[in-house]
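Student: Pasting the relevant annotations from TrEMBL:
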- LYS25: active site (ACT_SITE)
- ASP150: active site (ACT_SITE)
- PRO108, VAL109, ALA110, ALA111, GLY112, LEU113, GLY114, GLY115, GLY116, SER117, SER118: ATP binding site (BINDING)
- 80-158: domain 'GHMP kinase N-terminal' (DOMAIN)
- 229-291: domain 'GHMP kinase C-terminal' (DOMAIN)
Amino acid sequence: MNQSQDCPQQQATSGKVCFVQSYAKINLTLDVLGKRADGYHELATIMQTIDLYDTLCFTTTNEDRISMSCNRTELSNDNNLVVRAAQALRQKLGLRQGLTIELNKRVPVAAGLGGGSSNAAATLLALQRWWQLPVSMQELWEIAASLGSDVPFFLTGGLALCEGRGERITPLAAHWPAAMRWLLLVKPAIGVSTATVFRNLTSSDYTNGAWSRAIEVALQTQSGLQASDLYNSLERGVLAQYPEVAQARQEMLDAGAPYVRLSGSGPTLFSTFATLTEAAPVQQALHTQGYEVYLTRAINPANNDITYF
Ligand code: C5P
């Protein structure tokens, strides 16, 4: 990785700099159990971090403010979750330390891959460690949960069962199946609003959480995970509402994908393969048809994602 390419403005500054990677996720299962009184939905979902990441570069400044820039200029604003995460930490601890944040997006936006949530969690973790802040993991978790349902997952990453709104995390020690070594992601050229997808659920989409429980056991006992074990309660509605997603799914199947699942609220679809030889024709076919395609792997980023200068 070339850090100076990821942090172009870093070369022009003399302030202290911290550089982190911010990984995406997929949902192996997503059970929606029902709608809650607060308007959110009760979930049981198994999430896994994948080796597709944005980079964040932080520079301390003498000004009492936070500013950010992003290679996707439409995301450069004070409402961005990275700014809100840094603000929340500063407010909690009464800090005056100024900060500039450069966000380099590679993970597709509004795609069901948790990119924005991951950026927020990476910001919380980076500032906690870099500035050696007196803030516990429980306090970081509370800030993360206030920023979004998926943000707490990214404080630990790896493989986890996420319940409640998504904010109650149980890390899982997994034996990742060799048959699922390669994850092929296909992103149709539309963005999907998570709120709309949840609003369009019908009660027949609800489950009792059995899909997530079953896969939790299968992953922990190496009992062999089948494609048919993966499930997403949001998939029916998304395929019905967005013909672009249904078409991409069909094209993946036609190209030889053994099965296709939606990640989160989509529109990104994924399939898994044991070998690159099996994945390559599907990757090539979907790329030729103009889709954004990513060939990636499950990873646990716990120990390797922070660099200080
Ligand atoms: O928590 P977050 O802001 O990421 O959620 C975005 C939207 O997705 C919420 O406003 C809500 O409409 C929907 N959502 C939900 N149930 C969840 C998580 C999200 O209904 N467990």
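Any Cβ shown, glycine's included, is placed from N, Cα and C.
All annotation found in TrEMBL is predicted automatically rather than curated by experts.
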Student: Can you see whether DSSP assigns LYS25 (active site) to helix, strand or coil?
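Tutor: Note: LYS25 (active site) is in a strand by DSSP.
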Student: Which chain-mates of SER118 (ATP binding site) that are at least 6 residues away have a CB under 8 A from its CB, listed by sequence?
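Tutor: Non-local contacts for SER118 (ATP binding site): SER22, TYR23, ALA24, LYS25, TYR53, ASP54, VAL107, PHE154.
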Student: When you measure from the Cβ of GLY112 (ATP binding site), how many other Cβ atoms are you left with inside 10 Å?
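Tutor: That number is 28.
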Student: Whole-number Å distance between the CA of ALA110 (ATP binding site) and the CA of ASP150 (active site)?
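Tutor: Counting only the Cα atoms, the answer is 13 Å.
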Student: Based on DSSP, name the secondary structure state of ALA110 (ATP binding site): helix, strand or coil.
Tutor: coil
Student: Where the distance is taken from Cα to Cα, which of the binding-site residues PRO108, GLY112, GLY114, GLY116 turns out closest to ASP150 (active site)?
Tutor: GLY114
Student: Other Cβ atoms within 10 Å is the metric here; tell me which of the binding-site residues PRO108, GLY114, GLY116 scores highest.
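Tutor: That would be GLY114, with the highest Cβ count within 10 Å.
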Student: With DSSP as the reference, give the number of residues of the domain 'GHMP kinase C-terminal' (229-291) in helix, strand and coil.
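Tutor: Final tally across the stretch: 33 helix, 9 strand, 21 coil.
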Student: CB neighbours of ALA110 (ATP binding site) within 10 A?
Tutor: 16
Student: Report the residues of the chain - excluding PRO108, VAL109, ALA110, ALA111, GLY112, LEU113, GLY114, GLY115, GLY116, SER117, SER118 - with C-beta within 8 Å of the mean position of the site's C-beta atoms, for the recorded ATP site, in sequence order.
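Tutor: Nearby residues not in the site list: ALA24, VAL107, GLY264.
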